[in-house]
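The next block holds one structure in the form of C-alpha cells; read it before the comments.
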Amino acid sequence: MAAKQVLFSDEARAKMLDGVNTLANAVKVTLGPKGRNVVLDKSFGAPTITKDGVSVAKEIELEDKFENMGAQIVKEVASKTADVAGDGTTTATVLAQALLTEGLKAVAAGMNPMDLKRGIDKATARLVEELKALSKPCSDPKSIEQVGTISANSDATVGKLIADAMAKVGKEGVITVEEGKGFEDELDVVEGMQFDRGYLSPYFATNQENMTTDLENPYILIVDKKISNIRDLLPILEGVSKSGRALLIIAEDVESEALATLVVNNMRGVVKVCAVKAPGFGDRRKAMLEDIATLTGATFVSEDLSMKLEETNMEHLGTASRVLVTKDNTTIIDGAGEKEAIAKRINVIKANIAEANSDYDREKLQERLAKLSGGVAVIKVGAVTEAEMKEKKDRVDDALHATRAAVEEGIVAGGGVALIRAQKALDGLTGENDDQNHGIALLRKAIEAPLRQIVSNAGGESSVVVNQVKANQGNYGYNAANDTYGDMVEMGILDPTKVTRSALQHAASIAGLMITTEAMIGEIKEAAPAMPMGGGMGGMPGMI
C-alpha cells in the first residue's frame, strides 16, 4: 500500500479552497447573457467551445491532489444540479464558492464549523420555502418560450422552437435534440415512444462520450420472459447478422451467458445489438410490451400466446427508423407498425381509461396513451461549423431541461433577483447561538453572488447594481443584456424555480460539508525509477 500524506486544519482547508477557486473561476465566466465562452482541449479533433458550466467543470483535473479534491467536490455540485434540474450548474458553482470562501474565513476566526453548518442548513430550508412562495405557474406558450430563450443565452429562435415542440407533443411529451444537416434550426415531429428503461450493459453504448446507443433502422425483438440461454436467440442473431442491420432486444431481463455473449458479439462487430429491460411491472408490463409491438410492427413473443422464443424467426421482428438508448431511457422513433393497428390500440386504451376505477390506473393508462399517440419532437440544430454546432447543441439541451423544470415547479424572476427577494425570509431567523446566526448571515450574503457575477461578466459595478435592486421590490431587477433596470418578468427574464432551488440546496449542502472538513488524506506519488544507462552502439563495448 502506497504511503499517504495527511494535511490538517487551516492548511487542508486552504488547499481545498484553492482547488475550488480554480474550478469556480473557470466556470463562472460563463454566467449571464454577457458571459464568455470557454475553450476545451480534446485529445482528438478540434477543441470544443462551450458556455455550459457543467461541461467546463467536467474537464477540470488539477495536478495537486489536495487542490483537486476541492475541485472535484464542487464539480459534484454542478453535476448534481444538472442531473436534477438540467440547468443552473454555473449558479450552483458560484453559490458554493461564495459560501465556502466566507465560511472558511469564519472557521479561521475561531467559529465552530458544525454550528456554522447548522445555521446554513436552517437558512437554506427557509429560503427554499420562500422561493416556492414566490413561484408562479409556467403553463402558457409565452412563458415557456421566455424560459427557453433565457436558458439558451438569450437566443429567441431556440425558445420558440422549444415552445412549438411542447405545443405539438404536449408538456409531458418526448423532445430530443439532434445535430442538423443545414445552417438553420428545424423542428420535426415524428411518431415515437419513450420508456424509462436503459441498456442492460454500458458496453452496448455506441457513443462512448455521451454513453448512448444510437441504432439506425434496427430490428426489434419483444419478449416477456427472462433470456438466460443464448441458444434461444441464435436463429434471430444469425438472421440479423446476415442482414447487416442492428437489433434491439426488449425483454423482462437478459442474464448471465446470454448477456455476456451479446456484449462480446457487439464489441467485436459481429452483430450490432442492444438489450433493454421491459418497462413496467406485472400485467402493466405485458400491456406496455404489446403497445411497443403494435407501434413497431413486431409480434409479441409470449408463452401466454403460445409462442416460444426458440421458435421465433425474422418475420416476428418489428422495425423502427431509429432507436436511442441511454442508461435510463429508450426512445423508439418512427415505428413501422400499421397505422390501423395503432389506431385500434389507442381506442382500446381510451376505452380502458373510461372504465378505470382508480386514479392510479387512469393515470398509468393516460401515460400509455400519450406514449403511443403523442409522438416525439426532434429539434435539429443548424450551424455553419462543427464547433458552433456542438456549442449550440449544448445550449439547446440546457434550454430544454430548464423549460421542463419550469413547467414542473413554476418560474421566478431571473437574473439572480429571486434569491435577492428571498433574503427577506431570513429577517428575524435566528439560530441557537452566535455561530449559527453567523451561518445564517453567511448564506444571506452568498445568495447575492449570482447577481454580482452576472453584472461583473457584463462589465458593470456589482455593488451599485445589487444596492439598486435591493432598494426596490417585486420583480424589479437588472437586465445585463442591455444594461437597464425594470420588471424582469415583463422583460421575459425568468428562471425555473426548480433550477434556482436545486442550485441553492446543492451548493449549501456541499459547502457545509467542506466547512466542517478538518483533515485531508492523499497518496504520495512514488518517484519514478531512474532510466538505466544505455549500452554501447552495435559492435562496440559499453560506455564507461
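Glycine is treated like the rest: Cβ placed from N, Cα and C.
Annotation comment: Swiss-Prot describes 30-33, K51, 87-91, G415, 479-481, D495 as ATP binding site, evidence class sequence analysis.
Structure with Swiss-Prot features highlighted.
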residue: T30; record: ATP binding site; Cβ neighbours (10 Å): 22
residue: G32; record: ATP binding site; Cβ neighbours (10 Å): 26
residue: K51; record: ATP binding site; Cβ neighbours (10 Å): 22
residue: G88; record: ATP binding site; Cβ neighbours (10 Å): 32
residue: T90; record: ATP binding site; Cβ neighbours (10 Å): 28
residue: G415; record: ATP binding site; Cβ neighbours (10 Å): 27
residue: A480; record: ATP binding site; Cβ neighbours (10 Å): 25
residue: D495; record: ATP binding site; Cβ neighbours (10 Å): 30
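The DSSP secondary structure for T90 (ATP binding site) is helix.
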